[in-house]
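Lifted from Swiss-Prot, the feature list:
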type	residues	note
BINDING	8, 9, 39, 96	divalent metal cation binding site
């Protein structure tokens, strides 16, 4: 199995290295990641500047390709051009430093890279670890390898898109894996107002928990319980339930 690995924290991020090491147990790992930090860029794509893959070496051998672009750029360039003659079987994005759950999935460069893989019909998994003072990426990578290994074992997963989140508690002791829907709660809805030396106001985004997590079981609620969460996603944003009704609306140009 040929695995394309990327992330949004950059090619030198510890989460990428930890996941790369574990994914080697599942197959050949090709790493193509952003040259710099790309957190929160969502599904942005580079059109107006060239994408230049730069070989990164460790211990004298090629380790990864670094691209001055977004996570989605890395996957799109890889699948459409770099490895078009050597098909990729699995795209994995992570390990992100911080959870990607609830509505924040839509902001995530980590998840966007996996979505891009799914655009190409390749099974794709985004992996994120709860941010803490002492992130154990190695433990999270083992969890990710085990879950991903089970995902690809099932024919139904082929071409699918999956979002895996690992809470800190799960890296410290045994935890369950909960298959749950994406919640609608929003992390980080607050800003801190400050002033620069010139007296001008500016605002700093704060990473805060959702005010009122939903009562139903979602990724947000189960992460709070210390469970690993796995959510199957899709990128079709159509409101199918409204299509038929809207055809009867008196819509005119």
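Residue numbering: from 1, along the chain as shown.
Every residue, even glycine, has its Cβ placed from backbone N, Cα and C.
The structure, with features from Swiss-Prot marked on it.
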{"residue": "8", "record": "divalent metal cation binding site", "Cβ within 10 Å": "33"}
{"residue": "9", "record": "divalent metal cation binding site", "Cβ within 10 Å": "23"}
{"residue": "39", "record": "divalent metal cation binding site", "Cβ within 10 Å": "18"}
{"residue": "96", "record": "divalent metal cation binding site", "Cβ within 10 Å": "30"}
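According to its DSSP assignment, residue 8 (divalent metal cation binding site) is coil. The residues near the divalent metal cation site, meaning same-chain residues not in 8, 9, 39, 96 whose C-beta sits within 8 angstroms of the mean position of the site's C-beta atoms, are 7, 10, 13, 15, 37, 38, 71, 97, 98, 108, 109, 110, in sequence order.
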